[in-house]
């Protein structure tokens, strides 16, 4: 069971790319007064900390098949991001089983 993730949740970072945040695109469902994340929500682009200092973005790719928010899959802690990163933060009060 993982927590439901919300706007500005941090990611874990991957390889030489540091952690960044995920940006909510929907504004109808909230946890703790903060918009929850759904499939396709973008990360703030992040830049490698070593040469060639490439910058890339990515979008959330939720694993749940049971929980939907505004018609899209809900994002939870440990869900992958298309660039290889992972969602690393979530609500401590709302969980997806």
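Just so you know, glycine gets a Cβ as well, placed from its N, Cα and C.
Feature annotations, reproduced from Swiss-Prot:
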BINDING   14, 46, 56, 83  Fe cation binding site
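Features as recorded by Swiss-Prot, highlighted on the structure.
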residue	record	DSSP (3 states)
14	Fe cation binding site	strand
46	Fe cation binding site	strand
56	Fe cation binding site	strand
83	Fe cation binding site	coil
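Cβ crowding, taken as the number of other Cβ atoms within 10 Å, peaks at 46 among the binding-site residues 14, 46, 56. Summary of the Fe cation site environment: with the site residues 14, 46, 56, 83 set aside, the chain residues having Cβ atoms within 8 Å of the Cβ mean position are 17, 20, 43, 45, 57, 58, 81, 84, 85. Around residue 83 (Fe cation binding site), the same-chain residues six or more apart in sequence whose CB sits under 8 Å from its CB are 14, 17, 43, 56, 57, 58, listed in sequence order.
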